[in-house]
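Asker: Supplied in structure tokens, the structure appears directly below.
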Amino acid sequence: MNDWTALTVTTTTEAIEAVSNILMEAGAVGIQIKDAADFKKETVDAHGTWFDPKTVPHLASGAQVIGYFDPATSLVEQRDHIATRVRGLAQFGLDPGAATVTLADVRQADWANVWKQYYHPLRVSRFLTIVPKWEHYTPQQAGELQLTLDPGMAFGTGTHPTTQLMLSLLESVIRGGETMIDVGTGSGILAIAAERLGVGDILATDVDEIAVRNAEANIKLNPVSHITVIANDLLKGITLSADLIVANILAEVLVPLIPQVRPRLKAHGHFLLAGIIANKATLIIRTLEDNGFSIAQRREAGGWVALDAVIKETA
């Protein structure tokens, strides 16, 4: 009997996280990502590398997201539905690519441990280093902060430009002791990083129960104790106010979120947004301005945009 069924979606770099979420919602217990773009970049940038590309067989183009499922899961029936959802990402401005879906049986040893040899600590910003949970790591300089994560989980492990942009914005605005709401927390990486950087109480929300469980698992791997994770749809029903509100989600989800943020953000607070494809930035900025915000910072990387929005000062 085979230990796992692997469902592979052929897609594009920009759709990786969205496809990962689709597979997790379908019941995947683990996610593997193969992205040709990782091997087109320099192997070591200013902040190091998460894995050793020289040792990894890799794609020449495009990307593959592989979900690992219990063999008892009926994927033959789900395959067409998953393909339809992936193709539907186009309506959110994401290129789904070929959106082909294939199935294969694999043994436990083929994926559960072998892939770990390729993952190493990754310096993602001035102060933050992401470390896979099985690695022992000693900080390399004063002030360096370690974020321990399980990169086998979906919902963001720090390698995507949107996550790194958001982490750099957090470093730029945190002064210590703030309250924060993390909308669409995913892996919990932003909440964990924020507390490590000095934020006080943090409420992390996600509409997906699987993401909530993943965030809780990652939080337990880190020396943090002021993060509460709940399942919730954006800010609906949230009554508390915060100094920082962060959201690394698709532009189409940011648009309805923006009006919800204004009454929840304290005066002189910061609303940090990422997950914005460059061609959607104008839409998001216009929506922010229409809701009483101005742009304090704009950062870009890899075709993605992150924004630091503040409440407009009145004359």
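Heads up, residue numbers simply count up from 1 along the chain you see.
Backbone N, Cα and C atoms are what each Cβ position is placed from, and that goes for glycine too.
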Asker: Among Asn222, Asn248, Asn279, which is the one Swiss-Prot gives for the S-adenosyl-L-methionine site where Thr163, Gly184, Asp206 also bind?
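Answerer: It is Asn248, as the record lists it for that site.
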Asker: Would you work out the biggest C-alpha to C-alpha distance among Thr163, Gly184, Asp206, Asn248, the residues that bind S-adenosyl-L-methionine according to the record, and give it in angstrom as a whole number?
Answerer: 16
Asker: If you count Cβ atoms within 10 Å of the Cβ of Thr163 (S-adenosyl-L-methionine binding site), leaving out that atom itself, what do you get?
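Answerer: Here the count is 26.
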